[in-house]
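Heads up, the thing below is written out as structure tokens.
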Amino acid sequence: MFKKLLLSVGLVWCLISLGQARKESTVEECEKNIGDSLKDRVCELRQYTPVSSDDMDKHMQCVLEVVGFVDGNGEVKESVLLELLQRVDSGVNHAANMKKCVTEASTSGSDKKANTFYTCFLGTSSLAGFKNAVDYNELLKAGKMQTSDPFDMNRVAALIKEIDDGLC
């Protein structure tokens, strides 16, 4: 009897977890599911324009979660992001910038954390490296680059330009 109850509880937990999993797996899917207030601004947002709105909070949660930089609660995966930032642009103190913006985001509710971090980070000396890191991971998730490919800023920029040109 106890085993059946435990099994049932486990099954329900699995189903609930599946129901809460992010349905999007690429930035493109996040853009397709963007809130109505931002539908006409996708091209602008792809140029890293910060926006304060509930729709942008949801969009940045989606994008940053898909590229692997935040978890489902908007918490920054600091070691993952820092490792890539240092590969992309080693001449900047990304750790200090990240600490500042993670601290700022920690004062926000979980639904606003990703966008708060994003907006803050765009205002730091990590801006160029962050853009490249997001773009690189977007390309990896879209299957346009492989993890075995070394980071090549020119290739990343060219592939992102192709995507942008197709959308905009």
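Here the Cβ of each residue, glycine as well, is placed from N, Cα and C on the backbone.
Source: prediction; values computed, not measured.
Candidates considered were Cys14, Cys30, Cys43; the recorded disulfide partner of Cys168 in Swiss-Prot is Cys43.
Reviewing Cys62, Cys101, the cysteine that Swiss-Prot connects to Cys120 via a disulfide bond turns out to be Cys101. Take Tyr118, Asp135, Glu138, the residues named in the record as contacts for histamine: the widest Cα to Cα gap among them comes to 15 Å.
When the alpha carbons of Cys62 (disulfide bond) and Glu31 (noradrenaline binding site) are compared, the span between them is 9 angstrom. Neighbours of Glu31 (noradrenaline binding site) among the recorded positions Cys101, Tyr118, Cys120, Cys168, defined as a Cα within 10 Å of its Cα, are absent: none qualifies. The least crowded of the binding-site residues Arg46, His59, judged by other CB atoms within 10 A of its own CB, is Arg46.
Fewest Cβ neighbours within 10 Å among the binding-site residues Glu31, Asp135, Glu138: that distinction goes to Glu31. When other Cβ atoms within 10 Å of the Cβ of Cys168 (disulfide bond) are tallied across all protein chains shown, the result is 10.
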